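Engineer: Just dropping this structure here.
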Amino acid sequence: MIEIRSVGEEAGSITPSGSPSRGSASFLTTLKKNRQFLVMLIPVTVYLLVFNYAPMAGLILAFKRYIPALGFWKSPWAGLSNFKFLFVSGAFGRILFNTVFYNVIFLVTCQALGMMVAILISELRLRKLNNLLHSLTFFPYFVSYVVVGAIVYNIFSYEFGVFNNLLEAWGAEPVNVYQMPNVWVFILTFLNSWKWVGYTSIIYYTTIVGIDPELYEAAEIDGASTLARIWHITVPYLKVTLLTIVLFQLGSIFKGQFDLFYNVIGNNGQLFEATDVVDTYVFRMLITNFDVGLGTAAGLFQSFFGFLLMMIVNGVVKKVRPQYALF
């Protein structure tokens, strides 16, 4: 059979000897056109390689019994013994539950409050008041957890805390909050929300600002109330942002906020039942036993299963609502 091809197809298929193909030429042209941006990416790329990718070589310690005298490579292999010790530990089930529990609570409260704050600020028509509210809600994000821990201690200290001073002034008996594990679920949730709601609200606020104003104008002309406009216009747009944040947060669902828990709770064993998370548990193991292999195994466990969970949920979202999936 004779294959008939048009002149244009034949001409397009001919590439002079020694000259680059159309695809490579286009790629080189794109690089040349965007060379300024590529140069700007060099510091970021170096940072990622040095601080994010190079340390991955340390994952090998999860499968070794690290001995400082022998060094990184000469330490004997331990197989899966570090993971076995981690899983058979009587405390691991409790700390894993605490970690996931707090992350879920933190995620729900931060996203809900952040969304409400963003909607509230967007509905205010006074620019100066908007800027003031943004500043007030965002300020806690810059406060160090060391400072937060000191403030909390000065409030709830049994000897000189403000809370007990108020109780005594009202004729009540002082209470030792640092011996009441269940109370700290609410305290830690409040502290996390106080610190992160402002940051989260800005993310949602940028989404709201990007909504076409004509949608609100049309709804207002049709007689829609403020709540109706928020529910039928603003919230649907925020769903995409919410789902994106949730998918990213699932990647760290097995990681506790070490800064928060350690600086606020410290090494108070009476509160470990309700406040101990994987990161603080591993930190104590490193301090007391210098067990680097166990710490690396815990970190690998957190990262692997967090990534796996994120991929599974993203796959489900992609099948149900493809437009909401990350990739």
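Counting starts with 1 at the first residue shown.
Cβ atoms are placed via backbone N, Cα and C, with glycine included.
Predicted automatically and left uncurated, TrEMBL annotations should be read as such.
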Engineer: Which range, 75-95, 159-179, 201-221, does TrEMBL list as transmembrane segment?
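Structural biologist: Of the candidate stretches, TrEMBL labels 75-95 as transmembrane segment.
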Engineer: Would you say the transmembrane segment (101-121) and the transmembrane segment (133-156) are in contact under the rule of three or more C-beta pairs closer than 8 Å, pairs 6 or more apart in sequence?
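Structural biologist: Contact confirmed: at least 3 Cβ pairs fall under 8 Å.
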Engineer: Do any residues of this chain, six or more beyond the ends of the transmembrane segment (75-95), have a C-beta under 8 angstroms from a C-beta of it, and if so which?
Structural biologist: 61-67, 273, 276-278, 280-281, 291, 293-294, 296-298, 301
Engineer: By a Cβ-Cβ criterion of under 8 Å, what residues six or more beyond either terminus of the transmembrane segment (37-63) are in contact with it?
Structural biologist: 31, 72, 75, 77-80, 82-83, 292-293, 296-297, 299-300
